[in-house]
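Some features that TrEMBL has for this protein:
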TRANSMEM  286-305  transmembrane segment
TRANSMEM  317-342  transmembrane segment
TRANSMEM  410-436  transmembrane segment
TRANSMEM  448-472  transmembrane segment
TRANSMEM  492-518  transmembrane segment
TRANSMEM  538-560  transmembrane segment
COMPBIAS  590-600  compositional bias 'Basic and acidic residues'
REGION    590-637  region 'Disordered'
COMPBIAS  611-622  compositional bias 'Polar residues'
REGION    656-678  region 'Disordered'
Amino acid sequence: MPVLSKYAAMPPASLHWYANSPALSPRAVDWADVLKNERNNTIFERDDCQVFTTSLLQREVIYKNNTALFAFDTAAQQTLSEPGDMTLTLEGCNALCGPPTFYVDSGPRFMTWILPITLLLANIELSPTDKRRFSALAETLGDPIDAVWSLTHKLQTWNQLYYLARKHVGTPRGGRLSRMRRRSRYNALRLVNKLCKTWNTRIRRREHVDSPALVTARDDEERIQDDEMRVRVVATVLAGFEDLLGVNATTGGFYENIIEELWDNKRHTYWIEAALELAGGRTDEFFPTWLVVSVYVLQVASAFVKGVGGEPPTPPGGVIASALFLSYLVPTAVLSTCIGAFTDRRTCINIISRLVDATAPPDIRDRPLTNRQDLCSATNWGDYFHQFHFRGGNATYRPFKVANLKGKTAVLKCILTAVASTLPTVAGFAGAYPILLYALATGFGCRHIWLLTIFSLWLFSALTTTSLNLLYRVPEHQKWQAILTKDTLIGIGSLTTIVLSAVGAFNSCACWGRALWVDKVIVPLVTAGFYKEQGQKIFPWIVTPVLGFQLCFCAVVIGVNRRGVYLMRWNEGPRGRLWEMGQRVRSQREAVRRKARSEAAEGESAGTGVQEGQATGANGATHSPVDTPRELQGADQESRDLLHDAAQSLQDEEFYDAPDSRDDGDPDPSSQEAEPVERMHPELNLAAQQINHPVERPVPGCGKLEGDGLEAYGNFEAQRYDRRFFMILWKTPRPRVKTQ
């Protein structure tokens, strides 16, 4: 075992070096002044210093027994001046090695260890604002704990929105069968049998249809998927509201009101279009980010495994600590790309505005401005976009994550999330500290000072950010400005210190010799064998668990909030199926309009009195004859208004429930001439006959009714004949009852 390794493994306090032993020390001289003219090396590097010292010994400029320059081993009673274990004192290092400089190989060190991990900053999604978008980088570098916490909170919010949507628009049976389906996957034989049956069934259906868009499945498996698809559509739209409002929507009751006011099966196509546009307008850099992470992991592995990267130019040492300390950027970049961002800040606003205009009830659209509660507290769009980056538009800064915590469960969940968000930063510090501890000379050194300082500043930054967010009386923009200033100063200082440390800012005799703990410092010059041994036995066992933990943290967060992650990650299969459904519904509507226009033209020529393109109701509403069957044209206008809405609702197909007629080979309305509405829906024909010929129908608890058809009866009910029922209950005001 080399002498250097034997002594390096011992604690510094037990080495007992006496550099100024009275028996062996020459007379006191200023060796730095004596050797000033002899030193011709301009690079502060251990190997060059060893070569220069050996040449001085050979020329007898200095002697081996000089304890002012060479360390003295009291156990062996000799100085460490041999080429194999040459060790200098602090005075000898300053005299022989020259002034401190950066590493000779500072470029390869930076390219191998620092650049790959800092490139992950480019994968952090920035909010679609102006130059303030780069505040996300300052928040990531200056407050990594709060940044990870904010990203995790964003995914948790989306996950909660999914379960909220399933609670309101999902079916309990669908959730139970979905769990049963997942259990059945473990049975390979049942799975193969089910796939074969499904495949054969779809082949038989394709033989009887003309268009692939008409192929639909009718088994329980497809019903479960359609139920999940409907829930996913609603949850995606709610996530769009959350992106738009952020701090103004921190309670579940807000989203419940949105579902109750805007969701309607008759207008589900608008929700589908909004969900697809929200998912399509969001960036998706998930796989490129994983590619960058994989390159970084391979780059680290190449420094330890010769079969991957060959022989490194210099054995890895303390520079590994700098790279591991920044390893928290791995989960930060991965979680950020899971969330994504809109390419334009107006995209989400336009989509949500169209949805609200198309689905909001009349009592909400026509409500006076004095009775409305604005969701955005800005006076104009300029103020709103100015506040967008600190009111929910920036995923790395969410000040409202600690607001409106009601109940012990919410408080406990918030605390657990905050503690879990500190783990990536703590893991990076836990890996960097022992690497610096095992670097030459072993023990606590000057590099530990900047490591502890930056880690303490990050903890202080997280506590400061949380404390400022709890100050409700301070305006939001003032808190954001204070937090951004703090994060910018800490982030720039931290990154600069880490990079400078990696390229040789602490490349000095004092840092080589651990001057903080021992009075008589030793500076070993032969380190190649020591770092090679450490790189095979110690460093890999520190680097591998740290990087593995960072990747596992990403997997756990994504797995726990997988429902929320998938809200904005629509695969091509369901996206194409929903798009085809929307195209089919629009084709049906257009076909009905074309047929109605032709019938309206015929009626006008026959003197029926029907105006071309318009039909005005008794209440002043104007309808197109597109959706009005010809049997209804002789009825009173108020009943026609009701049946117009009923016909429109019947034309809107449920996206999870296509009619069985398509399985029997009915042609596509978009490809052939569409049938009139009364033939497509015979129940409308029956209702029209009731309007033209009023009848009296008894109602429990009432006397005889008098009125016209549908209004007297009080409701209209339509039944589908595809093994399921789609009920539309159209309630009208209570009719007048003639008392006996």
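Heads up, the Cβ atoms here are built off N, Cα and C, so glycines get one too.
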Counting only residues at least 6 beyond its ends, the same-chain positions whose CB falls under 8 A of a CB in the transmembrane segment (410-436) are 144-146, 148-149, 152-153, 156, 318, 320-322, 324-328, 330-332, 401-402, 445, 447-448, 451, 455, 458, 462, 466, 539, 542-543, 545-546, 549-550, 553
Over the span of the compositional bias 'Basic and acidic residues' (590-600), count residues by DSSP class, listing helix, strand and coil in order.
-> 11 helix, 0 strand, 0 coil
May I ask you to check whether the transmembrane segment (448-472) and the transmembrane segment (492-518) make contact, with contact taken as at least three Cβ pairs under 8 Å and only pairs 6 or more apart in sequence counted?
-> yes
Distant-in-sequence neighbours of the transmembrane segment (538-560), which means Cβ under 8 A and at least six residues beyond its ends | 152, 155, 159, 293, 297, 300, 304, 316, 320, 324, 327-328, 330-331, 334-335, 338, 423-424, 427-428, 430-431, 434-435, 438
Cβ under 8 Å to the transmembrane segment (286-305), counting only same-chain residues 6 or more beyond its ends: which ones?
-> 112-113, 116-117, 119-120, 123, 312, 316, 320, 323, 330, 333-334, 337-338, 535-536, 539-540, 543, 547, 551, 569
